[in-house]
Every structure is written in structure tokens, then in C-alpha cells.
Amino acid sequence: IWCLLCCSSVIISVYSAGVIVRGSGKAFFASCNPKICVVGSGPAGFYTAQHLIKDAEVDIYERLPVPFGLVRFGVAPDHPEVKNVINTFTQTAKQSRCSFYGNVNVGKDVSIEELQQAYHAVVLSYGAEGNRTMGVPGEQLAGVYSAQNFVGWYNGLPSCQELNPDLSCETAVILGQGNVALDIARILLSPVDILKKTDITQPTLEALERSQIRNVLIIGRRGPLQIACTIKELREMVNLPDTRPEMVAADFNGVAEALKDVPRPRKRLTELMLKTALDTPGEKEQERRNKASRSWGFRFFRSPVEVLGDPDSMRVVGIRLAVNRLEGEGEGARAVLTGEVEDVKCGLVISSIGYKSVPIDPSVPFDSRKAIVPNNMGRVQHVSGLYCSGWLKTGPTGVIATTMNNSFDTARSLVEDIDSGTLDVSISKPGSQSISALLEKRGVKPVSFSDWEKIDNAEMKKGEASGKPREKLLSVEEMLRVVQT
Amino acid sequence: MAASAAVRSSMGLTLRLSRVIPVCSTCPLYRLNICGNSAASLQRRGSFDSIRTINRHLQTSIGLYQIEEGSSNAEDPDDYVVNIVYIDRSGQRIPVKAKVGDNVLYLAHKHGIDLEGACEASLACSTCQVYVSDAHFDKLPEPVEREDDMLDMAPMLQENSRLGCQIILTPELDGMELTLPKVTRNFYVDGHVPKPH
């Protein structure tokens, strides 16, 4: 690093354990110690920070008192191994060059401009907290939810705790066929005894115990070859205890033939779907299906055109679907209306058609059509010193591995800019000192990483009593109360 | 003085002998397949070769006791050694002298190689994807279904992709080269390459 050249008269240990500066070189060193701030503490924020702490001091700001973003609030409760990545992030947070500031709302408690003044660079990694809407009449009826809010509800996101979905109907319809849709179907249909041992919230467990839902339809605009979920989640549905799959065989016409030239992931996924939908099951499997008390299935070539409601109760009683046909093939095939419609009776509608980023601050450019911050390899267009990573950068799709690569990429762009001088780190910046002072003046109390660990321990202790890995605290007030004790 | 030294050395013997043949079947690390201990992997494979190798452990350790207490880094017999090469994301070749039974993911971490293991070897992610040299790819045992499922989600999947956390070194893998996938610099947002989530 070029820092070593300018500080050659001083003994420095530029490694993760911290920096030791001796003698008169202190001023030199402080000026070439880049200070970077990351907004958002999900996988994007943490993976970006991980790659930057080799070259800079990194402060991570997070709106909630608790870190980890979608790893905590998005990953399904029955997928605990996916959450192991929290250990990697915890290691990063505990490095001396990394600091966590929770309970700070960037855009409200502190502006992006103020952060840019305090730090050499700001990385926006705040993800996608909005969702795409169906845009059809009846979407506002009781009993219609966005997948994002539904997942937030069962995962303990404080802002979604008032959802209280009514699960007293027989059929639930999910629009969208990605992994989020399958997660929701699985949570709705899993035997409660299995979910009892996960970190799903207590109110959700109680609602699921009372649930009358026996049939879940997962609906997509296009066909089986365009389905967006992956094989792991499909396999979990196929193997779900006490449930049987119910598909429409005609939906799969021509699918087997089209598999010849298709890449491996799509091929394996489609083969499993075909087997589940079309094959005559063996004796044991047939018996299992006969005994099953719940059912699920994909429905293809259907788009929502209206949510039908009961005029008195203003609750959903059904959904009107347009029948589509496909034009084109493969990933690029388009759904085209045929003019036919079909009504499906249901009491719960969940639209799982995509997350969406929202603008955080007027000073940050935002592309409202694509719902991302316009950027070139993570460098925000037309704004020097501003970067982005994760879903905010590329759009809201991708598993943790994708976000990891994406974030490392942004970190690399940033380090390149430091090395080339494009990003001027020779001027000294106050970093968290000035921001902390601002926050204090405004009555905002940041939550540190060790404060989070208090919350973490409280949740794990609470979970012990019921055999759960943790019992999540469900409100910001509760979380802050634990921090203050 | 002499008495305490004798106690220490006998403790050392006990410790070393008990380390020689660990009872792996009951250990949760073993059952979850995240034990990095080479003896565990040998027991798991249960081949004639591994029984012989466990016996070598036994002989070596007893030999150690007689030579010098406190030395735990004796030279392994040459049969143990598996030389492999990691090629990191910038193309740099990093040769590593490893042992039979080493796990490719944890070995990479031990040598400071940039191979992430987000789910900690529980077959719930694809961050440890590596490309295996053609000459050695077929020498690896077939992936279990769950590994294939995870590989399907990996960015830049190739014919010779495997998950590093599932590769345990055997003598025939000597000379194997493991390439870390390079990160692409272009991501498209218009949705024409939808990714799962």
C-alpha cells in the first residue's frame, strides 16, 4: 500500500490486529489512514467491510439496533445453516479497525452529505426494503400481503409485527415462484412441531397452530422452464411431511423435450419438477400422499388481474387470474395474454414478485425504473467518494454467494481508487468522532457491537426455555431496553 | 522435580495415545461432517488404506513419545503428504504441502487463501466453489445430491466445479490444482439473467 511509503520513518503494523504508530510519524499516518463508512449491515455491508479493513478503518451504520439484515430477517427459520455466515461477519465486526453503529437511521438521523464530509468514502449497502406491487384492483383488501412483509412477520422484523395475518382460510395463493415464495409455502405447510425448534417468532407459531390452511398454490406468469426457484427449495417441498404435490399435467407439455440443450442447474430442477408432477409414484410414496392432510402445487401461465373481495368484510375471497401463453423460449420467453380468465377461491394472497430498493437521500442518484443506484462497478455515477454494493447495486436477486462477489467487487473498485489517487485520502477526516458528536446532539444513541451481543445473549437465553436457538426480541424498544441494562 | 516431570510425561503419553484413535462416530463434528481432523475422515471412508494409515498414526505417536515430549510437529512419513496448488483469484499459484485427510476449505484458511466458507461446510451455500484440475476431477468421489444442489446455485459454474468443503485429500490427489473462480466485473440489472434468491 502506498501508505507504507509515506510513513516509512515510522514503525507500523498494518494488520488486522490494529495499528501501532510511534513517534513523530503520527500525523503522517493519521492522514493516510483511510476512513470509510458502510451504510447497512447485511451480507453486502459486511462482505464489503471485510475486504476494506485491510486498507482502511471501516464504520458500519445500521438503522436497527441489530445487525445482519436479511440473514436475520430474510433467511427462513428452518434454514439455520445458511445463517452460519453470521460467524464470519462477527469476526469482521470484532476487528479493531471495524466498528458497528446500530440504531442510526441514515437519511434521517444523519445525512449522506454529513457522512461524506466525515469519511473518505461512503459505501451504500442498504439493500431493498420495498417491494414490487401487483398493481391490480383489490390489492388493498384485508388478507393480501407482500411476501416481504410476510417474511418480515415470521422472522421478527419489528416493523412487520402488527401484520397478524388471518390464516383461517383453506387455500392460500402465492404469486411468484422464486425461493421466497417457496419459503413461505413451506412455512405455511410445515408441521408445527418442526418449526417449534427454530428461531421463528412465538406469535407466528401460535398463528400457525391455529391455521386452517390446507392447500397452497404457487403461481407463475410463465411456464415450468422459467421458474425462478432453485432445486434445494423444490426438494424441500417435495419431501415436506404430511403434504402431497398437486400439479396440472398439461402445464408440462413439451417441457421434457426442451431439456436437451439446457444448462445443468435448469435441467436438474426441471427433471425434479417433471418427476413430481408426472411420474406415477411408487407404492410407499402413494400411501404417503394418500395420508397427507395438506397439499401444494405450482400453477403456470397465470397472471393476477384482480383480487376479489367480499363487499361486507372487505376481505379477500378469491383471485382472478389471466391465462397466458408463451412467446419465445428459455429464460427470455414472454407471457402474452390470451384473453381467458380464471377465478380461484382463496382467503390469503401473498405477492412474492420481487423486492425493490428505495432512495435514501435526495443527494444520492437513484434510477427509479430499475430501482437501483446507478453505478459503474460499484462507483456511484457522478458522485465522487460514493459507492454501492449488494442488491442496491445490481437489483434484488442473488444468494449470499452472489452478494459476496458483488461486495468484494465494490471493495476492489474502492481500493483501486485509493491506490490510483482518484480517491484522495491524504486529507485527514474525522470519521466517527464527528458523526458521534452529531448523533449525540440529535439525541440518537448508537448501539455498539458489544451492545448487540447483549441482545444476542438475551435472545438465546430466552430461547433456551422453549428449546429454540433464540427467542427474538420483537420491538426496537425491547432491544434498546436490554442494551441499557 | 523429577517426579513432576515423570507425571507430565505420562500425561503426555496418555494424551497422545488418546489422540491417536479418536472415537469419531459419536462426535457431533463428525456426524455433521465438519470435523477437520484427518483421523475422522479416514474412519469415515473406512477403506483398507485408512486402517493402515490409522495404524501409522499409532506407530508415529508412540515413536514420538519415546523421542521427545512436547514435540507435536514431527515430520510425517512421505506417504502422508499430498502436494496441491491453489490458484487464487488474481491468478497467483500457491503450492501447499498438505496431508491425507485434509479438508480443502480449512486447508485454504490455514494458508491464508481467500476461499470463503459462509455456511461453514454445512452444504448450505456455494461460496467455497473451486475448479478442479481435469486430471484429478474424476478421482474425486461423486458429489452427494446436496452438493450438486448447492453447486447449481454457484455463479460461474463449470464442468469441473466442486465445493471445497467437500473435498478431502487422498494420495491420488497429489498434484491437484484448485482454481478459485474469478469475480466477473459486470453485473446486469435488466433481469435477463435472473438469479435465484
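These residue numbers are counts, starting from 1, taken along the chain as shown.
Glycine too: its Cβ is placed from the backbone N, Cα and C atoms.
Within 10 Å of the Cβ of A:VAL399 (FAD binding site) there are 24 other Cβ atoms, across all protein chains. A coil conformation is recorded for A:VAL399 (FAD binding site) in the three-state DSSP classification, outside any helix or strand. The FAD binding site annotation in TrEMBL covers A:ALA44, A:GLU62, A:LEU70, A:VAL106, A:TRP391, A:GLY398, A:VAL399, A:ILE400.
Residues or ranges marked as NADP(+) binding site by TrEMBL: A:GLN177, A:GLY178, A:ASN179, A:VAL180, A:ARG221, A:ARG222, A:GLU233, A:GLY398. Under the DSSP three-state reduction, A:ASN179 (NADP(+) binding site) is assigned to helix. The Cβ neighbour count for A:ASN179 (NADP(+) binding site), using a 10 Å radius and every protein chain shown, is 22.
Confidence over the domain 'FAD/NAD(P)-binding' (A:35-189), given as mean pLDDT on the 0 to 100 scale, stands at 97. Summarising the annotation, TrEMBL assigns domain 'FAD/NAD(P)-binding' to A:35-189.
Marked as signal peptide by TrEMBL: A:1-17.
Distances between the Cα of A:TRP391 (FAD binding site) and those of the binding-site residues A:GLN177, A:ASN179, A:ARG221 are shortest for A:ASN179.
Considering only the residues assigned to FAD binding, A:ALA44, A:GLU62, A:LEU70, A:VAL106, A:TRP391, A:GLY398, A:VAL399, A:ILE400, the longest pairwise Cα distance works out to 25 Å. By a simple count of nearby Cβ atoms, those within 10 Å, the most crowded of the binding-site residues A:GLU62, A:GLU233 is A:GLU62. In the three-state DSSP classification, A:VAL106 (FAD binding site) falls within a strand. You'll find the Cα of A:ARG222 (NADP(+) binding site) roughly 38 Å from the Cα of A:GLU62 (FAD binding site).
Using a CB-CB cutoff of under 8 Å against chain B, none of the binding-site residues from A:ALA44, A:GLU62, A:VAL106, A:GLN177, A:ARG221, A:ARG222 qualifies.
In the structure shown, across all protein chains, A:ALA44 is the one of the binding-site residues A:ALA44, A:LEU70, A:VAL106, A:VAL180, A:ILE400 with the greatest number of other Cβ atoms within 10 Å. Of all the binding-site residues in the list A:ALA44, A:GLU62, A:VAL106, A:GLY398, A:ILE400, the shortest Cα-Cα distance to A:ARG221 (NADP(+) binding site) is found for A:GLY398.
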